[in-house]
Structure formats: C-alpha cells, structure tokens
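Here the structure comes first, spelled out in structure tokens, and everything after it is commentary.
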Amino acid sequence: MQKRYLLTPGPTSVPSEVLLTMSQPIIHHRTKEYRKIFAKVNEGLKYLFQTASDVLIFSSSGTGAMEGAVSNLLSPNDRALVVKGGKFGERFAEICTAYGVEVIPVDVVWGEAVEPKEIESKLAENPDIKAVFTTLCETSTGVVNDIESIGNIVAKHSAALVVDAISGLGAMEYKPDLWHVDVTVGCSQKGLMLPPGLSFISLSEKGWKLVAESQLPKYYFSFLKARKGIGSLESPFTPAISLIIGLNEALQMIREEGIESVWRRHSRLAAAVRAAVRALRLELFAPRTAADAVTAVKVPSEIDGVLLVKKMSEKYGMTIAGGQDHLKGKIFRIATLGYADTFDVISVLAALTMTLSELGYEVELGAAVRAAEEILMK
Ligand SMILES: *Cc1c(COP(=O)(O)O)cnc(C)c1O
C-alpha cells in the first residue's frame, strides 16, 4: 500500500466533502432542486471571483474558456496584444492565430513577470488593439504578474483586458472589478478543489460591449447563450451536474474560510516552500516574482530533473510537476494550491529531501522541513 499525494498545479486534490457530495445519484437539471443549487453556485462564484458581474460556467477544461474569450470578444483580422513568457501566455497567442486574429506579442523571458510599461507603450503604438491577453499566475514558470498595474494602464485605452486567472483564482489576491479587468478566465481543477471539467468566465461592461460586436464563429461557447441561462437558471445545454454539485460544496468551504484567509493560507504555504528551497541550497526559478500557487525550482546541474519527479512519485507517492517545453528536466514545480495545508508542505519537503539525497545531491536531512516549520509556526 502506498498513500498518494497530489501537489501539482492542476489537477489538485479534492476534499472528501466534495467527493462525497459528487457521488450522489444524478438529479435532472430542469428541476427546482437543481435550479436552487445553480443559483447558489452563481452567488458563490461571484464571491470567489470578487466581482459583481455574472460568472458563466462551461463544461470544459480551462482552455475551452480561453478559446471562448477569443471567439466571443474578437472579429477576424482584429489585433490583440498577447503577453507571452510561459506556456499559458503562448496558448492565448496560439488560439488567437487559430481564429485569424493578429497577435502583437509582448515577449517576456520565462521566469520573469511582464513589465506593465511595455504594455503601455505597445498600446500607445497600436491604438487599434482590441484586447490585451495576460495571465495572473503563469503556471509554467511560477510567476505572478502585476494585474492591478496592467489594469490601470489598459483602462485608459479602448482595449479590453483579458486575464487567465486559472491557477491564481482561490489562491492569490485577485480583484478584477477594482483592478479594471474586463474578462477573467477560471477553471475547476486548480484553486477550486474540484476535479477537471468546468471552466468559468466573468465579463465587465466593456467586455460585454466587445461580445456584442464580435464576428468570430462560436456555438457551444457562446457567452450570450450562457448569460441567458444564468438569468433563467436554465443552462443552454446539459450542465456537468455532478461537478456543479461539487462546486457548490467547494464554494461553501471557501466562503466559510473567507477569501482573504484562503489567500493568506496560500501565501504562508508558499513562503514555507521558498524558505525550504533556500535551506536546500536550491534556487527559485522566479525569485523576484514568485507566485503563491506554485513554486518553480531550478534542478541542480548534477541531478536529472525528470528522474527526480519520477522517483518522488514512484517511491514516495508524492506527485509534483516537472518543467514544460524547454524547461523539461530543468525545473520542478511544487503546487500549494487549493486543498493544501501545513502538513502537505511538510510531507512534500521531506519527500523532496529524501529523493534529492538518494540521487546524490548533498543535503542535510531535516533542513528543509525545519526551515518550513519556522515559517509555518509564525
Ligand atoms: C491549467 C491552466 C490552464 C488550463 O489548462 P487546461 O488543461 O485546459 O485546464 C490555463 N492557464 C493556466 C495559467 C493554467 O494553469
């Protein structure tokens, strides 16, 4: 027998309260019973998103809602500013290109945050830009972008600001209404403590104005159809009923803890991981702009990074993430995201220490855990 732990930046582990409620017999969605749950979920999502706007729900992974943001806001040959600097920023550029939207890239070195001034100058040079696409937490590099500053800049232009907040939601401070964000994208398998399968979108007035003008084709991911469904509590298509019921439970848990406490918990856990990384004489991949949802760490040159992740999973049942694309084998990523607490961090750090030691990296046993304990006791 081996107990398994999941500390990847999606999917994340799901609390038993949520698992149990999802295992109930299926109810029909055109019933009073379901509409009651749907209404509660709509309110809970507004709280999680910290917005007064409706939050639309789709049955897809996060990328579905990212694609919806492109196809519902833009028209063929529109121009969009896309912040790169990681796998998920690049995904927005790929979606735009697939839909015939011209991409003006803001290239950012992987591991660094975008400089808001760069967005300002690109917008000034290209006043016809319709939308700016960026990421709250760039999961592939463990970087948090300064959305508040970016929002203040974009608000002075006609362009809408679209934020992929997928891995940041329910983990890191995020206030789209105050920060002038027009479109927020979220999904279920990260900070929400749910299995994969749901994606979310919220839009400001400015965002909805673009939706009204958009000429790109869409059908299932039509934001207008989904909004109508919220008004009438009738989903346009069969909703992912069990996931919505689980979402209701997860949102109640978040509401009970309080969103600020949820953010504080994540920042405390991430601070402990960062302290442990230093105690192990390892280097953070994004030391200046480290996100709290996921910590990216450079693999020391004498160690095989792919083997490290594999061994931690196979020998200790501890699943963390490796690097993606050109960072494969070069970094590993520990998520403190969603249903994560003090002893998840202690366990992952102990497993990391033991694995590093077994791979021949010189570490003092207990040093990482001690460094984390010092932070976690504060
Ligand atoms: C996980 C993630 C996505 C979505 O990926 P899916 O596999 O489609 O759910 C998008 N953006 C970010 C920042 C993510 O972390």
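Keep in mind that glycine also has a Cβ here, set from the backbone N, Cα and C atoms.
In TrEMBL, annotation is done automatically, which means it is predicted and not curated.
Quick look at what TrEMBL lists:
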type	residues	note
DOMAIN	5-324	domain 'Aminotransferase class V'
MOD_RES	K190	N6-(pyridoxal phosphate)lysine
BINDING	R333	substrate binding site
Three-class DSSP secondary structure - R333 (substrate binding site): strand
R333 (substrate binding site) CB neighbourhood, other CB atoms within 10 A: 24
Neighbouring C-beta atoms (10 Å sphere around the C-beta of K190 (N6-(pyridoxal phosphate)lysine)): 29
Inter-residue Cα distance where the pair is K190 (N6-(pyridoxal phosphate)lysine) and R333 (substrate binding site), in Å: 14
Local confidence of the domain 'Aminotransferase class V' (5-324) - pLDDT mean: 98
